[in-house]
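Enquirer: The signal peptide annotation in TrEMBL covers 1-26. Under the heading active site, TrEMBL lists HIS94, GLU152, HIS156. The domain 'RNase T2-like C-terminal' annotation in TrEMBL covers 296-412.
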Amino acid sequence: MSALYSLSGLWSLIVSVSVVTGAANAASNADNCLRASIGARSGPTTCLDPMISCQNTTAVEDLCCFNAPGGQLLLTQFWDTTPSTGPNNSWTVHGLWPDHCDGTFDAYCDSSREYKNITAILQSYGKTDLLDYMNTYWKDYQGDDETFWEHEWNKHGTCINTLEPKCYSGYTGQEEVVDFFEAAVKLFKGLDSYAILENAGIVPSTTKTYDLSQIQDALTTAHGFAVSIACSDGRLDEIWYHFNVRGSVATGEFVPAAPDGGKGDCAATGISYVPKYLPATSSTTSPPGSKPTGTPYSGEGFLQAYTGGANKGCLISAGTWYTAGTCATYTAAARASGAGFTLESSDGPCDVVDGVFSCATDNSAGTFTSVEGSLAYAGSAVFYAAAVPAGIVQQKVLTGVDQVEVSFVWQVV
């Protein structure tokens, strides 16, 4: 009996050990599968305790959670003045670039994912708010924002390894494009370069200049590390903020970092920070006691639209207001009488016909003037529209009161 009991006890012990061992193995397997399980959800792979890019000393196997070789991400911003783009109190987005940790970089890394329809992709994912923001703050100086966005994605976005389709569970076409533009815009919103400089007493001016150290100190204080500052003909025009990334670009943490190499090209002193949308200058003087209404437009230029203090698109060749395409080039010519100037686009002479600004071959050339740099008709620089244009919709420009006030500023091209 005791022998039988002993055998029974031994069997219970074996079963108990087996259960415990099985549970331990199951727990271990569960730990090993946790990342895969999380990654199986729709969207970018979720990373557990990821490393910061450019900080590793050995090779990292999981390249869906570690940016390499493009481990340093640069958020680049423009201050365009020739011609001007974007609001006059904000810098604009240039791009989000993956540099190698030594400052070199790759470009155009995947021809199969070079897209020609960024606007349509964002719309297909319901990202209308993102697209509206980009239409204001991610501007092309030639007026072709869509082509500019395509260039930035095709050249730089395709080289971000953590945005490759294999890093998505339940991947749907082009969803990595959304993550690229959302990441860039999120970073841009957190780095208001205009406000940073303004808070340090550095503001656009036609007469004042600044030292590079003044500009660098202000930006370094805000970012935590030095930034790269670029100039063109002595004018401040670009800032690059450097980051390493903990995890993927889509879901990770952007960690401010020192530049991955010397990239600035500004002089140490005498840097101009030119205001946007300066009216054309004139050498003529006014008779004593007279008050000039503004400098007449001349030559070729764009007519940029402003409403609510923000740049919202421009006029295209028919004279309609548009926010999603290329600005038309207008030709301005002074009237022989000296009273104002005429405007003409590729569609023909421009005039106000039945209260609507238009350009057409059968138009007579109307007379326009400039009031403090803004286009004026019959002495008024305020025009109207039924709504702010959105997407491919154009709006007629009216002289009679309607829902939206809009003004137009000349940009020499």
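Glycine too: its Cβ is placed from the backbone N, Cα and C atoms.
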Enquirer: Measuring Cα to Cα, tell me the gap between HIS94 (active site) and HIS156 (active site) in whole angstrom.
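Expert: So the alpha carbons of HIS94 (active site) and HIS156 (active site) sit roughly 11 Å from each other.
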Enquirer: Mind telling me which of the active-site residues HIS94, HIS156 has the densest Cβ neighbourhood, counting other Cβ atoms within 10 Å?
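Expert: Of the active-site residues HIS94, HIS156, the most buried by Cβ count within 10 Å is HIS156.
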Enquirer: For the domain 'RNase T2-like C-terminal' (296-412), how many residues does DSSP put in helix, in strand and in coil?
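Expert: In the domain 'RNase T2-like C-terminal' (296-412), the DSSP-based counts are 0 helix, 61 strand, 56 coil.
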Enquirer: Using a Cβ cut-off under 8 Å and a sequence separation of 6 or more, which residues in the same chain sit near GLU152 (active site)?
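Expert: Once residues fewer than 6 apart are set aside, GLU152 (active site) is near HIS94, GLY95, LEU96.
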